[in-house]
Amino acid sequence: MIRKDQGIVIGLIAGFYDVQTANDIVRTRARGVFRKNKLKPTVGDHVKIQIDDQGTNYLVEVLPRKNLIGRPALANVNHVLLVMSAVQPDFSLQLLDRFLTFFSWQGVAVSIYLSKSDLLSSSKLNKIHEDLLYYNAIGYRIYYSQEEVANNLIHEIAAENIWTLAGQSGAGKSTLINSLQSDVKQETGAISNSLNRGKHTTRTVNLFPLGKGFLADTPGFSAIDLTPIKVKELCDYFIEFRKASSNCKFRGCQHLNEPSCEVKRLVEAGEIKKSRYDDYLLIRKEIENGRLPEYLK
Ligand SMILES: Nc1nc2c(ncn2[C@@H]2O[C@H](COP(=O)(O)OP(=O)(O)OP(=O)(O)O)[C@@H](O)[C@H]2O)c(=O)[nH]1
Ligand SMILES: [Zn+2]
């Protein structure tokens, strides 16, 4: 009997697409038509499938994508958990602002996890916590320990939502994924083993179930390029600037030298963090020059 169903591509193994439906995981082959259309199904895609109990199951249609980001690419990413290390590599507000700008531009929500707190003295750690309080105030959720991530993510990841990790090389992304994945494996060991999940190479990405949705098992971002952003739009991606800009005198105010600029007023009043404004100017310059700054090469 041939049936139709729908689901999310959670893995790609030797030309087969594993599709999570409401009931189970179905291993499918893509119909040749995708090659002609140059539309290759990607992990994260919502797809229609045709199930043949006697023969081959086919992936027959890719539903419209919300986005396609990262390397390896992942479709329909809802949320990024940004891993920022307290040390090794050193915590950097500039790097944090770069990542936040990038994901704001991509329309993806971000939460922040501060890793390696255990390696830092409490006075240095306090300074970082103080900085992060500002980011929390403007709307970013912050996690301060691996346990906090593990305890909360299962409630935070909504049905069918796809989360992925980002962060600098060495920040602790793989360490976190491994710990979250081993929690899940204990619950769903049978399924994981039957699909050989975990035996992936670094170039493939698989989704594993977490909370009501999924987390990618391979981090998609360690370096980002902001130069494709339109310079006039950049200020919109600093979320507190965008909020304040309705009170700037001029519509389309770039918060540079315009008179009666609310953003500049708030920076001077200490309500917008000065380093955010400085990073805005820095990224602006980077976009205008059309290339990555030397220190990031
Ligand atoms: N002390 C301590 N070490 C950590 C923590 N998180 C990660 N590490 C260590 O930091 C090193 C780098 O961690 P990874 O998880 O490989 O970092 P990554 O972000 O996946 O790095 P890339 O694969 O290069 O992108 C490893 O030696 C980890 O054991 C932490 O919270 N505390
Ligand atoms: Zn302004």
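The backbone N, Cα and C atoms fix where each Cβ goes, and this holds for glycine too.
For 66-224, the entry in TrEMBL reads domain 'CP-type G'. Each residue in the domain 'CP-type G' (66-224) has a pLDDT score, and their mean in this model is 88.
The domain 'EngC GTPase' feature in TrEMBL is assigned to 75-222.
What TrEMBL records for S115, K116, S117, D118, G167, Q168, S169, G170, A171, G172, K173, S174, T175 is GTP binding site. S117 (GTP binding site) falls within a helix when secondary structure is assigned with DSSP. Long-range neighbours of S117 (GTP binding site) (same chain, six or more residues apart, CB within less than 8 Å of its CB): A86, L125, Y144, S145.
Here TrEMBL flags C248, C253, H255, C261 as Zn(2+) binding site. C261 (Zn(2+) binding site) counts 20 other C-beta atoms within 10 Å of its own C-beta, drawing on all protein chains shown.
Spatially, by CA atoms, the binding-site residues C253, H255, C261 include one closest to T175 (GTP binding site), and that is H255. Closeness to ligand 1 is met by A171, T175, these being the binding-site residues among S117, A171, T175, H255, C261 whose Cβ falls under 6 Å from the molecule. When the binding-site residues S115, G167, S169, A171 are ranked by how far their Cα is from the Cα of C248 (Zn(2+) binding site), G167 comes first.
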